[in-house]
Amino acid sequence: MARPSPLCLLLLLTLLPPIVPSNSLLTEPPFRWRFYLHETWTQGNRLSTVTLATVDCQPHGCQAQVTFNFTSFKSVLRGWSNPTIGFVYDQTHSNCRDYWVDTNGGCPYAYCRMHVTQLDTAKKVQHTYRLTSDGRTTYFLTIPDPWDSRWVSGVTGRLYRWPTDSYPVGKLRIFLTYIRVIPQVLSNLQDQADNIKHQEEVINTLVQSHPKADMVTYDDKAEAGLFSWITLVRHGARLVNMAGLVNLSHCFLCTALSQPPLVAVPLPQAFNTSGNHTAHPSGVFSEQVPLFRDPLQPQFPFCYTTPNSSWCNQTYSGSLSNLSAPAGGYFWCNFTLTKHLNISSNNTLSRNLCLPISLVPRLTLYSEAELSSLVNPPMRQKRAVFPPLVIGVSLTSSLVASGLGTGAIVHFISSSQDLSIKLQMAIEASAESLASLQRQITSVAKVAMQNRRALDLLTADKGGTCMFLGEECCYYINESGLVETSLLTLDKIRDGLHRPSSTPNYGGGWWQSPLTTWIIPFISPILIICLLLLIAPCVLKFIKNRISEVSRVTVNQMLLHPYSRLPTSEDHYDVALTQQEAAR
């Protein structure tokens, strides 16, 4: 069984009669009020913003409290912390409302009102606490008054790691919007339709079936003869209806995008060539078209020519000159389709296999269980790849550390060449990435402008989109010129890196010659040796003096140890005088 791609075409709607929606779908309003919780924090030198959670009000309005459920804050790590939120709108002290708002969120003092995370292991939202946690995986942030108009314009708060911290680590923004509720099935179908359109555009660039294919819009593809997955599946749906299949309410028609879209099905008898058929251009119509083989019938029902008579139940016995296939039929000869067959008896083509066939879309009918098992395969564990080149670099570094001159030179040259190649690849990848991002931003800007114009038309009686939402109007500032300038700079750098390797120029001086590459690795060892030779005499002289001094002291101690110094008369007189002074 062929494995379908994830872009399975859920087009059984063309097979089934219109489904009458239930009362719940009819009574449910298509629009709803939705709260958004955004967190903004600084990571290094980059400012990041992420949507932590969303929650919808009741279908008939925001008349009761709502609660956000989310796993964690991005700027506060779970564990050694107690997240605390401070809002400006609910402060009671003037210092908290009027000062330190930009840096501290209105809370540099202990008397400001803070919403500290409270432990709630029962996971029951309490009215008395704004921020709670189950202590393990989930935080609960409650909005007690969702009907207040402040949420429409947006409320900003500061996030602290601890209640005693002086400065916040992130910023929270809560706002309320009126959105259109799209069922999940329709949302999935919209995503699949976008993917199908993208696949059709890729295929149309490869299939040159129209001289002006780039100028044909998506709606005119069927008339222009371009390939379309939608048209293909519609033909398959018609065949299913003609076959009389019933009870297909939970089945899916799928096609594999990696396989040919059409398959040739052998017909049980020859074409009727007596009638007048529409003239078709001569020559090969298509190549490499697979042939369907019925596993229950080992032989083909009918063949015009065959290399082996056992392959076919019946073989054509008439003349094979100037045969034309009617509308919807083709001659299949060795994976090639043609509308005309002209084979003589002595022609080598008479020994090939030629069949009357009809083209059928290559679709597969899956049940819901089969599709779930095919679209969601089991996860595979990733295996680590052993990188031997890393070991080679480590060995080379070891040789350099050991002082092997040849190894050091080879490592230096190979590392320089590898660094140059990687730098060129990085610049080329950066240029391509910037160009791709610029194209995406320009496309998004065009789509946003079209949506803005459509919204202004729909809300013209209410003063436009901005007046209807009560917000300031935002406009897109096109700064694509900066990106284009950066791309030109990267291109110049890339050309400069390529130029020395293709057209070397050694006229700049002796330091730019190839000999410099061989001399540089020897400079450091030579300098170290010269330094050692300069200080070696001083070191040797110092060591010699110290050895002599130690030897002299040792000899004196050994020779004069049995002797002691005798007292003299002067010494005796000095002792007597000292005793007299002490007696006084």
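Cβ atoms here come from the backbone N, Cα and C positions, even for glycine.
What Swiss-Prot says about this one:
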CARBOHYD  Asn69  N-linked glycosylation site
CARBOHYD  Asn247  N-linked glycosylation site
CARBOHYD  Asn272  N-linked glycosylation site
CARBOHYD  Asn276  N-linked glycosylation site
CARBOHYD  Asn308  N-linked glycosylation site
CARBOHYD  Asn313  N-linked glycosylation site
CARBOHYD  Asn322  N-linked glycosylation site
CARBOHYD  Asn334  N-linked glycosylation site
CARBOHYD  Asn342  N-linked glycosylation site
CARBOHYD  Asn346  N-linked glycosylation site
CARBOHYD  Asn478  N-linked glycosylation site
MOTIF     466-474  motif 'CX6CC'
TOPO_DOM  23-514  topological domain 'Extracellular'
TRANSMEM  515-540  transmembrane segment
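Overlay of Swiss-Prot annotations on the structure.
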residue: Asn69; record: N-linked glycosylation site; CB count, 10 Å: 14
residue: Asn272; record: N-linked glycosylation site; CB count, 10 Å: 9
residue: Asn308; record: N-linked glycosylation site; CB count, 10 Å: 9
residue: Asn313; record: N-linked glycosylation site; CB count, 10 Å: 13
residue: Asn322; record: N-linked glycosylation site; CB count, 10 Å: 9
residue: Asn334; record: N-linked glycosylation site; CB count, 10 Å: 10
residue: Asn342; record: N-linked glycosylation site; CB count, 10 Å: 14
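Beyond the ends of the motif 'CX6CC' (466-474), by six or more residues, the same chain brings 152-153, 459 to within a C-beta distance below 8 angstroms of the stretch. Cα distances from Asn342 (N-linked glycosylation site) to the glycosylation sites Asn308, Asn313, Asn322, Asn334 are smallest for Asn322.
Closest to Asn308 (N-linked glycosylation site) by Cα-Cα distance, out of the glycosylation sites Asn69, Asn272, Asn322, Asn334, is Asn334. For Asn313 (N-linked glycosylation site) paired with Asn272 (N-linked glycosylation site), the C-alpha to C-alpha distance reads 19 Å. Nearest in space to Asn69 (N-linked glycosylation site), taking C-alpha to C-alpha distance over the glycosylation sites Asn272, Asn322, Asn334, is Asn334.
Look at Asn69 (N-linked glycosylation site): DSSP puts it in a strand. Distance from the CA of Asn272 (N-linked glycosylation site) to the CA of Asn322 (N-linked glycosylation site) is 13 Å. The distance from the Cα of Asn272 (N-linked glycosylation site) to the Cα of Asn334 (N-linked glycosylation site) comes to 22 Å. Across the motif 'CX6CC' (466-474), the DSSP tally of helix, strand and coil residues reads 4 helix, 0 strand, 5 coil.
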